Amino acid sequence: MPVLFSSRSLILSIIVPLLISIALYKLDTFDPAIVPSDAFTSSATSLPPLINDEFLTGAEFIGVGLLNIPEDIAYHKESNLIYTGCVDGWVKRVKVADSVNDSVVEDWVNTGGRPLGIAFGIHGEVIVADVHKGLLNISGDGKKTELLTDEADGVKFKLTDAVTVADNGVLYFTDASYKYTLNQLSLDMLEGKPFGRLLSFDPTTRVTKVLLKDLYFANGITISPDQTHLIFCETPMKRCSKYYISEERVEVFTQSLPGYPDNIRYDGDGHYWIALPSGVTTLWNISLKYPFLRKLTAMVAKYGVDLMFMENAGVLQVDLDGNPIAYYHDPKLSHIATCDKIGKYLYCGSLSQSHILRLDLLKYPAQNKKL
């Protein structure tokens with residue numbers, strides 16, 4: 001009899017939780033989509049000829065403890081200041097120096113939100129893509145903050161992400177997702193549906209236009225040196241695309257990246273630098289193919305357990321045609337959000353750290369690993 005009771009208890013201990021799990025799965029309204037086949041390009045990933053796979057070996061840390069998750073950075077050459085937005089709402093200014101110990105961090109303006117993308121307007125103003133507020137204009141050396149726009153076509157921005165400024169003053173920016181907020185970022189990725197938009201704001205007419213919609217987490221953006229097109233990143237698709245401004249058409253700029261792109265910067269010297277918060281992971285590749293796995297992951301994420309691990313972050317350098325030139329990464333590195341080449345240094349913002357990373361490209365260059 002005790003044996004029978006023990007066997008029955010064992011069966012119940014397995015069946016009951018299983019039935020409960022099935023019921024919870026069925027009742028959960030999260031409905032991930034089948035991801036387009038061009039997302040499955042990991043096997044076709046081609047690495048550039050030059051590689052530095054020990055990024056952290058030469059990395060220096062700027063503003064340790066004074067910069068609370070500095071996601072994006074923008075360099076103002078005339079003042080030798082880096083502007084960066086932090087998770088506590090502060091746009092901070094960092095005086096850069098040859099020695100990281102001589103760098104000075106200043107609390108400049110608090111937006112009352114979460115500043116992400118940062119760029120400079122044609123009149124010296126600072127343009128901020130604030131994830132909670134919308135597109136902001138900070139002028140008068142920080143004395144005036146103005147909301148430029150927070151909606152388009154009657155749809156409020158949920159995740160104002162990155163911004164770039166054309167020579168004629170027009171602002172181009174991304175709303176990564178009109179459905180999910182920054183804190184729900186993983187749910188946007190897991191659902192596998194295109195909620196992102198590419199937009200423009202004309203300061204003269206005050207008109208906000210939707211240039212493209214149905215993008216997969218529209219992230220970083222920059223304008224080409226000849227001002228003819230934009231380059232924007234779609235993170236889960238591992239690609240960056242061109243949008244021709246006058247022709248209003250799109251084509252792939254670079255794809256099959258070795259990681260998931262965040263921000264992109266032009267260095268003024270014929271190259272773009274693409275930040276990769278994480279390298280390609282096997283778990284994510286498998287999840288992309290099977291919506292039910294993404295639903296399970298999302299259900300777990302709602303209880304505060306994030307299974308979307310980020311690892312082997314880095315920076316990819318490409319030429320004006322999108323051809324990979326050099327790849328700087330490290331298996332121990334994660335959450336690189338942006339990168340800006342300033343002189344001989346590469347400066348990187350982060351999605352998780354309390355500092356800006358700096359790498360001396362002359363001392364720690366990418367090298368030909370095939371030699």
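A Cβ is built for glycine as well, from the same backbone N, Cα and C atoms used for every other residue.
The number of other CB atoms found within 10 A of the CB of Asn101 (N-linked glycosylation site), across every protein chain shown, is 8. Marked as N-linked glycosylation site by Swiss-Prot: Asn101 (among others).
Positions annotated as N-linked glycosylation site by Swiss-Prot: Asn137 (among others). The Cβ of Asn137 (N-linked glycosylation site) lies under 8 Å from the Cβ of Gly121, Glu125, Val126, Ile127, Val128, Thr145, Glu146, Leu148, Pro203, each of which sits 6+ residues away along the same chain.
Sequence annotations record features per position, and here Swiss-Prot assigns N-linked glycosylation site to Asn285 (among others) based on sequence analysis. Cβ contacts within 10 Å of Asn285 (N-linked glycosylation site), excluding its own Cβ and spanning all protein chains shown: 14.
The phosphotyrosine annotation in Swiss-Prot covers Tyr303.
Positions annotated as signal peptide by Swiss-Prot: 1-25.
Cα of Asn101 (N-linked glycosylation site) to Cα of Asn285 (N-linked glycosylation site): a distance of 41 Å. Taken residue by residue with DSSP, Asn137 (N-linked glycosylation site) is part of a strand. In the three-state DSSP assignment, the secondary structure recorded for Asn285 (N-linked glycosylation site) is helix.
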